[in-house]
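Structure first, then comments.
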Amino acid sequence: MEPWPLMAWGLMLTAITGWIKAVQSRDFTEKDIIFLHPSTTPYPGGFKCFTCEDAPDNYECNRWAPDLYCPRESRYCYTHHKMSWDGNTVSVTKRCVPLEDCLQTGCSDIDHEGNRVCTACCEGNICNLPLPRNETDAIFSTTSPINRSAQSTQTLPLLLLSVSITSLMLHSIN
């Protein structure tokens, strides 16, 4: 047999193996996130969250999540994970939310149906990739102080009070 047909077979097999898709994992990776990460936003501080309502599992939620920016009034990504008594996922809900919706994170006890619910919130672009499964995961994680505007408004009265007390003390000493 001449070498050319053998080489042609080798090239053809190489091309065919490139067409065959490998089995893909049912979880998203950080590499997938890089493709979803925006280069521009519709408004300053704009971000995206995975969003779904009562998806059967995390993969289906993340896979079919619409690629939309969160509304301006939202600041966090929320995840609600309902599990059966043995830890299998019953449903997943993810969405963009304001601060008020993130004040009750954590896990509930098993209810009368044998289900447990864990909720988590996070701040950042597409930060709600994983599911909360226990108290360690079901947290509220932020990248900035939650009450930034309230801190500055509380600091001024405290400063004025401190200055007033100090001046009264100094005045009474003299």
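Note: Cβ is positioned from N, Cα and C throughout, glycine not excepted.
On a predicted model such as this, the values are computed, not experimentally measured, just so you know.
In Swiss-Prot, the cysteine linked to C127 by a disulfide bond, out of C121, C122, is C122. When you check Swiss-Prot, the disulphide partner of C70 from the set C96, C102, C107 turns out to be C96.
Bond annotation: of C102, C118, only C118 is listed by Swiss-Prot as forming a disulfide with C107. Within 10 Å of the C-beta of N134 (N-linked glycosylation site) we count 12 further C-beta atoms, all protein chains included.
DSSP assignment over the domain 'UPAR/Ly6' (47-141) gives 11 helix, 34 strand, 50 coil.
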